[in-house]
Each structure stands twice: as structure tokens, then as C-alpha cells.
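Each remark here refers to the structure printed beneath this line.
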Amino acid sequence: MVEEKTIRLSQVARKLNVATTTIAAYLLEKGFRVENKPNTKITLEQYKILAEEFADSAMDKEEAAELVIGQSYEKEPKVIAKQQEPIKHVHPKEKQVEIEKISLPVIDAPTIIEHKIIEHKTEEPPILQPELPTEEKEELEVIESPQAPQEELKPELETEVQEQDKEIQQELDDTAKVEQAPITKGPEKIDFSKQGEFKGVTVLGKIELAEKKEPKKFQQVASSDIDKKNKKRPRKRVASETGLPSSGKREEEANRYKPKGKVTNKTPEAPKTAVSEKQIQDQIKSTLAKLGGGKNVASRAKYRREKRSLLAEEQAEERLQAAKDAKKLQVTEFIAASDLASLMGVSINQLLSTCMNLGMLVSINQRLDAEAITIIADEFGYQVAFTDVKTQELEEEEEANPEDLVERAPIVTIMGHVDHGKTSLLDYIRNTQITKTEAGGITQHIGAYEVVTESGKHIAFLDTPGHEAFTAMRARGAKLTDIAIIVIAADDGVRPQTKEAINHAKLAGVPIIIAINKMDKPQANPERVKEELAHLNILVEDWGGKYQSQGVSAISGEGVKELLEKILFEAELLELKANSHKKARGTVIEASLDQGRGYLATIMVQDGNLRIGDVVLAGAYYGKIKAMFDYQGKPVKQAGPSTPMQILGLNGAPQAGDLFRAMNTEKEARDIATQRQQILREQGFRTKTHITLDEIGRRLAIGNFKELNIILKGDVDGSVEALSDSLLKLSTEEIKVTILHKGVGAIVESDILLAAASDAIIIGFQVRPTPPVRKLAEKEGIEIRLYSIIYDAINDIKDAMEGMLAPTIEEIITGSASVREIFKITGTGTVAGCYVTEGYIKKNNSIRVIRDGIVIYTGSIKHLKHFKEEMQQVKTGFECGISITNFNDLKVNDVIEGFEQKEVERKL
């Protein structure tokens, strides 16, 4: 796009000779709002409008600029005076110059003057006839002798003229035509040369009338009064005749200086210079006064009103701009939904419900693209400005050569509800038993595998978790895949996560294949599954729809072969191709921190060829690939399209779902990664909101508001994201869950210090702290909870929230007994003979000793006997003997009260 040319306001003001305030006011009247600042830019259209309005001011400025010619005019008379003297000395040579200058047809004035000179020559030839046959040099000597009296006047002018006389004589001796640029001086020389021949003509100075006094002096000394009169008359005639061909500006200037310079001063030089400078300065001042003060003085009050109105408008604009800025968000493209809600100052539940109304399935930690962010922000009345990371060069795809395109394997994602047999089905296909290695028998990571069919075709499988906490993982799998397989248990039907998986696949625009699993069970009912799918607008081919379906059994292997054939058939229809010769690009599936090797990233190469030693940029991290492993852990040297791979060498753990790309140089990758880290860091600062007075008031109104701070560490980024998403959903009006920090890797010392400073608990998901870290946690009193199953972590935090780690303990009084007698027995201690007055006394219950209404001891029963028989419980109306652990100070009439403590969970 060609940018429209603009002009700064200060430049316009100089060109049009108008103040910037006036320009801003006029543009405002024309409907253009422009700030009254020198650097404000206006368009050419606005400049044309201003040029038409202020054309007079521009013309005034041009006329004022022309006054500078007066300074050059002062110099010209000096030059003319200097020219007169040498011209008289070189009178015979000037005749030759005149003959040469006749060849110049450009200027009319010299031709007219020449005719007049010829007339004078007709009068004087008899006097000069004897001198004509002599050489020119001799004539110069003869002429110099009669002009001796004129040399007496030269000393008066030598101080100003002597140097330039020499220059003019040299120019006349060398050439009279060489310099054509100062054409205006040509006729001047001719005029003054003629004045030198006939002293009446030398006074002509037709162009420069200011110097007519100088020839007068020369005329008085060298000629008679009659000659003077004769010279004055042709002088006026020459001025009138030569005024036509000469420049009009000089004629006007001559007329200006006639009455002022000549009438008042008889001396030619000193008065001229002084008066001309004053005149020029006065005229400049008067002109500038007209230009600068004419309009402003006349409308000074108007301008004051305009300034006040402009100031008020600027203040209103500033207030309006501040209000707009408050509704303008500066975000990166891939920001989490929770961070977006924090920036807009709305609750995450409100944002999620709005997304549901818009037909968008969004989780708390799901990163939103630019379109989704714009739509959501618009619903809440915000404008979005995206911060550019300067990655346009990364988005530019290399032009694919059709010869380099080769067929690639399809990427298939298996999705569905939890416990519907997704991983078991994949186990049968791969002849492995992955489910036995997963904690709790459920998939908690997104796995990437490669399978070779009997026909030799390759298929890349992505196994996604089915638990509701792993919504973001399923969304990433749907975006990454070519074909989606929805696994539904034939005995369970369509479940909530089944619907969610179908919606993810639809939003991603990928083909769907329905796999009805557990067909080997007697209660399997595939027709019911198809009916439920029909209610979701998913019609299988058996019901006249477009979606393929296949009944399978992960135990017996029924229908698995047919399912693979349908996958390959769908892939053929898609005509999947990729270029294996260009630099690799793809998506990060998972990222983890391996204690012995460093950051390990699981990626899916979607295009190009990835090799060891390539510089890779993934999200905000980069690095040179040190090693590559396939899904079985075997080292490989390169990976082509549709190949799942694990790579080592990144300087950090990228987020699951980040795009990766092989870069040309390490410097390029480092620069982009640094920019992204800066933006993410700034984004984190902006999303951290401090408590406000309104929030304090809300918490005081609730009365028992509490906040649960959590530091979350996990083995892979996907699990950390899923667990963080689930925990944030537990927040209520009374209890707020805050994830202070989340990351990939083991629990380290910095996590303990952060927890100690912020009164937080640490949750580790499939990670363990090192012994020094555990000791530091015990020293600081920091609680570390470790989990391997996401269910347990969520449930424990939920329970902790209900009681904030201190469940309510209810005390139930079971009975009481009064002390009737005291017995001291050696080896046993004090035994109280009691009578149960209420309830029952149970040996395992706690008791308290009450004397005169005051509790003096709380403990447990050591022995409880009825007669000599040890009892577990004594009911009302019976006597018993009670001995208390570590307490012998019993007295008659003491009351022994039995009670039990029962923990009651506080419900939210």
C-alpha cells in the first residue's frame, strides 16, 4: 500500500505565513480535527483547502521576500560607479566591445542605445579623425591626459571602488561575452561605456538612476554647463526609452529611491547608502507588520476566543481519549482466557458463559487467537490492539515446488469420553499396553505414536485424555490433526466429553470417523449410540449420513482392521502432501524437564525435514537440536512430515500448542525469542491486578473471605495446564483460588521460598522434590502435596477449600459420670469410682474432668471397669471405675464428661 503524503503543520504555517492556531481553527470549521502542535501532520487535501483560504497571506510573504532585492540594489550602484571610471579610460577599447556586443541578439536595450551612440559619433568625428589612424594603445594615452582633472575625484571613490575597478578592467580585457549569466550587467556596461565616450551619455545610468549624481560631478569638472544640459535631457529620454526593455523591478525601485535619496541629499554616495538601508529596514518592518499583525491585531479577540475554544476541545478530547484508552486492551495474539478476563476486569465464569452464548467452547487456560479475542472483547465493549512480535517473516510460507511435494502420512487424533477405551484401542493397534503404565489407568498426557499398517502405510496417532480437565489438550489435538476418531463405548453411549470432542473436531474442520468400542460386551447397543449421535446432527453412513462408523473391540480386535482401512480411505480423499526439502515446521505437543537431559519437547513435524543441528524456535524459546528420539525412545537423525518426535536442546519448556519452526541462524531465533519473552513478561505484569477498595469492601461484606494460594509444578506442560484450569474453576465468591506460579519440572528451592513469602501450598503432579528441598520445606513449614492422578488433586483441593485445610470439627458429648469415691492403687494410680448419670462412657472416647464447672483436664481413659471386668462402654445407671491417662488429681464430686470429635466438611 502506498502511504498518503503528509505535511507537518509547522511547514504549512511557514509556507502560508499563518499561525498554527489559525490553521487548526480553520480546519476545525471545515470538519477536520487537527491538534495544534508543530509536528502534527495533515494530508494534501487539507493543505489544498488551506492554500486556497490563505492565498493572500502567501502572496504577502512572497512580496516581502522580494524586498531583499533592495540590498542587491545597493551593490549595483557601486558597481556602476566603478564601471564608469575604467570605461572612460578604455574608451577606444569599448568601441571594439560594442562591435562585439552587437552580435548579442538577446537584449534589446543595447541595440537601442547603440543607435543613440551613433548619433553622437556623427557629431564628434571631425575632432577625432586625426586620432583614428593611430593605434588603440596610443589613443588611450591621449584620452588619459585630458581626463587628468577627473582623477582628482577618484581618490574620493577609491576606498570603495578600487578593487572592483581592477576586476572589471581584467574582464573587459579578456572577454566581454564569456559570462552570459549576468546578462543584466551587460547593458549596464554598454550604457556606462557610452557615458564614457560622451560625458552626456555617461550620466545616462538608465537602469540605475540612483547614481546619476556621480556623473554630475564628473560632468562639472570635465565638461561645460551646456554639455550638462544636453546630458540631462537625453538622460531622461534614455530612461523613458530604455525603461521598456529593462526589468520592471529595477525601474520601480529607481522611482522609489528618486524622491528620497536624490532630493534630500546632493552628495551621491554617503546619503545613498544610509538612506537605502533605512528605507529597506522600514519597508521590511512595515511589510512584516502588515503580514504578521494585520489580521491578528484586527481579530485579536477572535483569536483569544478561538484559543479558549480549542483548549476546551483539546481537554475534552483528552478526556475522551482517556476513556477510550481505558477500553483499549494491549494484548498478544495467544493470550489465555483467564488473563483476558483479568485485563477486562470481569470474572472468568462470566467470560466463559459469554463464549458459550457465542458458540465458542473455551477453557480457562486456553489460548485464544486474534479473532476470538476480538469477538470476546467486543462483547464486553473493549477494543483490542495486538502487540506485534515481528514474526511476519515466519508466516511467509516458502513457495512449494510441485516436484518436491510428496505424499505424507495422515495425522489421526483419537478423542472421546474417559474410560471409553481410546488408549486400549490404540494399544491393540500398536501391540502395546500403554494403559498399564498410566497412573489410575487413565491417560493424563497427550501421546504421539506412529503405526505401520499391513499394507505398509504409515499413520501418525495422537492419543488425547478424555477427562474433562483436559479440554485444552483435546482442542490442540483437533487443530493438529487431519482426521478425528471419536471413540464411544457401546454400553455407555454419548457422554459430555464425547460431545465436547465432536465440537472440537467440527470447529477444526477435520473429517470425523465414529469408532463404537466395547462391542464384545453383552450389553453393547450400537444402535442406541447412532441414535444419540443423530440428535447431535451426526448421521453415520448406515443412517444415510456422511460420517463413517465402525464397531470395534479393543480386547478382541474386532473391526480394527476395517477401521484402519477407513482411515486410509479418508486420507486418500484429502490428498495429503508435504514438502520434505524445506525447513521443518510443526506443533509442540508436550514439553517436560528431564533431570538428566534437560528440556524435552514432544513435537509433530507437519512440513519440511528436521535434522540434528537445526536451530529451532518454539514459542518463546529456541535452541539447537542436540538429539532426536522417536516415540519408542530410539535416537534418530532426521524426521520428515507427519512424524512425532522428541527433541533435546531448547533453552526452556515451550507451551503445549506452540508452533515451532527451523530458523536460518541462531541469532535470528534468539532475537525473536527474546521479543516474545519480553511481551509475555509485560503481559504477566498487566494481568496481575492489585486489590481495590471495592474488593476489600466485598470481602468485608462476605465476612469470612479466604484466598488459597497455590504453586503448581508438573511433569509436562499439558498436565500443568489441565490441572491449573480445573483448580481455577473451583473459585467461588467466598474462596478464591490463585495460581501464583506454575511450571514444568521438579520442585526446587525457589518454589519453597515463594510459598513461604506468599503463604501458599505446593502441589506437585507426578514430580518429586529433592531431599534438600524437602528439608527446606519442613524448616519453613511449607506443605507439599504430591499427586499422580488428576482426580485426587482436584478432590483434595476442593476439600481443602471447603474447610480451607481446617475442616470443621464438631464435638458430640456422649455422656457424663460423677465421681463418688477415690481409690489409690499401687502400680495403677488413682481410680475414681463413678456413677454414669447421662448417656454412656466409652473407653475410646476422649474425656474431660470438670470441677466446679471448670475444665481442669482433657485426656483419654486408661482403664474402664465394671466391678473387675474391663469394659468398652458403660451406660446410664451403672457404676464403673475409671482411671485417666497421666492424671491422678481426682476428687469426689468431680464430673467426668465423655465426648467424641467428628470432622464435618464445610460445604460451599
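Backbone N, Cα and C atoms are what each Cβ position is placed from, and that goes for glycine too.
The following features are taken from Swiss-Prot:
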- 416-423, 463-467, 517-520: GTP binding site (BINDING)
- 407-577: domain 'tr-type G' (DOMAIN)
- 123-154: region 'Disordered' (REGION)
- 212-278: region 'Disordered' (REGION)
- 416-423: region 'G1' (REGION)
- 441-445: region 'G2' (REGION)
- 463-466: region 'G3' (REGION)
- 517-520: region 'G4' (REGION)
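For the region 'G4' (517-520), same-chain residues at least 6 beyond its ends with a Cβ under 8 Å from one of its own Cβ atoms are 420-422, 424-425, 487-492, 526, 551-556, 558-559. Take the binding-site residues Gly416, Met519: by the count of other Cβ atoms within 10 Å of each Cβ, the lowest one is Met519.
The Cβ of Thr464 (GTP binding site) has 31 neighbouring Cβ atoms from other residues within 10 Å, across all protein chains displayed. According to DSSP, Thr464 (GTP binding site) is assigned to coil rather than to any helix or strand. For the region 'G2' (441-445), the model's average pLDDT works out to 48. Sorted by the number of other CB atoms within 10 A, the binding-site residues Asp419, Lys422 start with Asp419, the lowest.
Reduced to three states, the DSSP call for Gly416 (GTP binding site) is strand. Look at Lys422 (GTP binding site): DSSP puts it in a helix.
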